[in-house]
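Feature annotation from TrEMBL assigns ATP binding site to Gly67, Cys68, His69, Arg70. Annotation source TrEMBL lists domain 'ParB-like N-terminal' at 15-94.
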Amino acid sequence: PVEGGKPRSDDRLVVDLPVAAIRRPLGRVRGNDPEKVAALMESIKEIGLQEPIDVLEVDGVYYGFSGCHRFEAHQRLGAETIRCRVRKANKEVLKMHLM
């Protein structure tokens with residue numbers, strides 16, 4: 001696990017990123033479960049985000065791949081930032097995630 005923004009052995013860093021800076025590249029067919037988003041909004045207001053979302057950084061651009069419900073909850077709460085587990089990647093890795 002990462003403590004206080006220190007990288008783990010797999011080269012991931014946990015940081016707070018601006019919600020507006022994260023792109024959601026996956027064209028999801030299904031929408032988020034509104035009840036799950038509402039429950040997460042309550043939890044985040046009360047105790048904060050417990051599990052960071054996973055983000056790829058490609059050429060300085062952040063792409064979010066996990067945590068769709070957590071991400072939407074932050075957006076709906078008007079949060080400025082969200083805690084992210086960031087992994088640097090190249091365009092080939094990004095393309096693999098888009099398939």
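Think of each number as a place in line: the chain as shown, counted from 1.
Cβ atoms are placed via backbone N, Cα and C, with glycine included.
Using the Cβ center of Gly67, Cys68, His69, Arg70 for ATP, the list of other same-chain residues with Cβ within 8 Å runs, in sequence order, Asn32, Leu40, Ile53, Ser66, Phe71, Glu72, Ala73. Once Cβ contacts within 10 Å are tallied over all protein chains shown, the binding-site residues His69, Arg70 are led by Arg70.
Averaged over the domain 'ParB-like N-terminal' (15-94), the predicted model has a pLDDT of 92. Across the domain 'ParB-like N-terminal' (15-94), DSSP assigns 31 helix, 24 strand, 25 coil.
Other Cβ atoms within 10 Å of the Cβ of Cys68 (ATP binding site), summed over all protein chains shown, number 19.
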